[in-house]
Amino acid sequence: MLVRESLQVYFIMGSNNCRGEPLQVVEQALKGGITMFQFREKGSGAKTGKEKHSLAIKLKQLCNHYGVPFIVNDDVDLAVDIGADGVHVGQDDEPLASVKQRCPKSFIIGVSATNSTEAVQAFQAGADYIGAGPVFPTSTKQDAKLPIGLAGLEEINRLTGETPVTAIGGIHTDNAADAIKAGADGVSVISAISQAESPQQAAQLLNKLTAKKR
Ligand SMILES: Nc1nc(C(F)(F)F)ncc1COP(=O)(O)OP(=O)(O)O
Ligand SMILES: [Mg+2]
């Protein structure tokens with residue numbers, strides 16, 4: 001599947017983002033139709049060391065079973081070690097050029113962009129996709145920058161040519177379609193699925209709202 005299509009409903013989660021048992025939440029989301037998953041184990045209460053490693057392997061196996069790409073946030077060593085499908089790095093993480101050197105050629109490598117300058121740099125450096133945001137205010141990421149809004153998302157889409165772009169930051173069922181209208185290839189969410197009464201139904205609805213008219 002093309003990276004662009006995999007970005008449609010990109011669920012990001014760590015064990016500390018969900019009310020239920022992480023494996024059950026992710027399996028529900030997979031059944032609901034998420035198209036890519038990012039393991040982002042960070043912040044207060046996040047697992048570390050062997051616990052983090054073994055949860056990553058279990059979640060990767062689950063994603064492999066459903067044929068959904070499994071991406072690791074920040075931790076390039078973990079991603080390479082467990083045979084993930086890719087890694088996502090931000091502006092303050094390991095630079096893209098060095099990540100590319102250390103990862104298999106088949107890796108999907110995503111880069112965060114909080115403005116159009118960062119987005120163009122990521123595009124020129126050969127990112128496989130760009131995470132543009134935060135589009136709306138978010139309480140999930142403690143150190144999130146100021147929201148760029150739909151106008152900022154439109155500008156990033158305009159300037160990054162063919163590079164697939166996903167919208168992140170405060171995305172829920174009530175604004176997901178707006179992000180697609182602003183030119184994003186998909187939406188990335190944490191709490192919209194991880195905190196939902198039914199993660200499966202939340203994923204199903206987001207899938208419907210982001211489906212591109214063929
Ligand atoms: N994790 C992310 N995933 C995406 C994705 F494109 F996948 F939607 N976009 C942006 C981020 C934010 O990444 P980063 O700036 O490194 O902060 P953190 O490591 O705290 O997530
Ligand atoms: Mg990061």
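Cβ atoms are placed via backbone N, Cα and C, with glycine included.
Automatic prediction, not curation, is the source of TrEMBL annotations.
4-amino-2-methyl-5-(diphosphooxymethyl)pyrimidine is bound by Q38, F39, R40, E41, K42, S112, K141 in TrEMBL, and the record lists one more residue there from N16, N64, N73, which is N73.
Comparing the binding-site residues R40, K42 by how many other C-beta atoms lie within 10 angstroms of each C-beta, the top residue is R40. Note: F39 (4-amino-2-methyl-5-(diphosphooxymethyl)pyrimidine binding site) has non-local neighbours M13, G14, L55, A56, L59, K60, F70, I71, V72, N73, A84, i.e. same-chain residues 6+ apart with C-beta under 8 A of its own C-beta. Across the domain 'Thiamine phosphate synthase/TenI' (9-193), mean pLDDT in this model comes to 96.
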